[in-house]
Amino acid sequence: MKLLSVLALSATATSVLGASIPVDARAEKFLIELAPGETRWVTEEEKWELKRKGQDFFDITDEEVGFTAAVAQPAIAYPTSIRHANAVNAMIATLSKENMQRDLTKLSSFQTAYYKVDFGKQSATWLQEQVQAAINTAGANRYGAKVASFRHNFAQHSIIATIPGRSPEVVVVGAHQDSINQRSPMTGRAPGADDNGSGSVTILEALRGVLRDQTILQGKAANTIEFHWYAGEEAGLLGSQAIFANYKQTGKKVKGMLNQDMTGYIKGMVDKGLKVSFGIITDNVNANLTKFVRMVITKYCSIPTIDTRCGYACSDHASANRNGYPSAMVAESPIDLLDPHLHTDSDNISYLDFDHMIEHAKLIVGFVTELAK
């Protein structure tokens, strides 16, 4: 997630395993894109130095030489009125802060969810098990709902849960699951409670809510629904890039993608005397889809919005956008008031507000239902 001025408040991180990054890993070079058409070969340490300075990027090392720029997006007509209020409100009533607190307590207990190490693989495996349990508990597996790993050339895998609809066109909700200790990426403690354990468990709870609707559960919604948990976001949007590039190559149609990156920290707004609000990202997103998201928030959520800019390649919605798919992102706050503990060993659950996370879950349920049903 984008750092910007939050970096100035970051706590000192601690390395607990005592090992250093191997010399050959430091010497390895990666091709990154910092802005459209602006590329650079860097070492891994140079990647983290850019991140520490608040500079985000796509890691495009695995793309073919001569990669293409962002693909033009097709014009998609989004609903201009609310159509499923009764169904959405019934699902919202089932959302549980206790579920999210339980899930996030476990997810942030892993030493780290860094994408290159075994802990990151373990956290992804545990998370996928929770997704499978949600599908099975709802009985959605009997109607074709499933969860699958999306493998990469590093330890952590991405996760895709699919609820079939009458059309193969997909409505996507995504969140990255990896964490990082920027002082010591390979070995440092990185609980990642807010960045992005909060987003991961928020969309998991929203999945549980969506599966309460029998029309959706039984595969009778107009469109297919997918929930994504991306690996390797902190290293340059690796997991989401791979998934949306695959979708582009295979011709998959995506009606819209909503990204949830950090959903739980409100203290920055409170300390500034601001009303607790969503941060609506306005750059590198689809304007029409974002307008639809605003309508959903107005109808189903109890907090207002503040417009904010996130920058190029700041989170996984940018991967959808770059591959020609309309995307939107809603953050926990304006970008300059994000959780100052992100990317450190202090990104703990104690700083988060689960009522705020429930508001994000309401948004997701409304977004998915109004767009897919």
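Residue 1 is the first one shown; counting continues down the chain.
Cβ atoms are placed via backbone N, Cα and C, with glycine included.
Note that this is a predicted model, so its numbers are computed, not measured.
Together with Asp195, Glu234, Swiss-Prot lists one candidate of His152, His157, His317, His343 for binding Zn(2+) 2, that being His343. Swiss-Prot annotates His176, Asp195 as Zn(2+) 1-binding residues; of Asp103, Asp118, Asp261, the candidate listed for that same site is Asp261. Across the structure, Asp195 (Zn(2+) 1 binding site) and Cys310 (disulfide bond) are spaced 15 Å apart at their Cα atoms.
For Asp195 (Zn(2+) 1 binding site), the number of other Cβ atoms no farther than 10 Å from its own Cβ, over all displayed protein chains, is 31.
Taking Cα separation as the measure, His176 (Zn(2+) 1 binding site) is nearest to Asn196 of the recorded positions Asn196, Glu234, Asn288.
For the recorded site, Cys314 (disulfide bond), the DSSP three-state label reads coil. Checked against Asp261 (Zn(2+) 1 binding site), the recorded positions Asn196, Asn288, Cys310, Asn348 differ in C-alpha distance, with Asn196 being the nearest.
Residue environment of Glu234 (Zn(2+) 2 binding site) contains 28 other Cβ atoms, counted within 10 Å of its Cβ in all protein chains.
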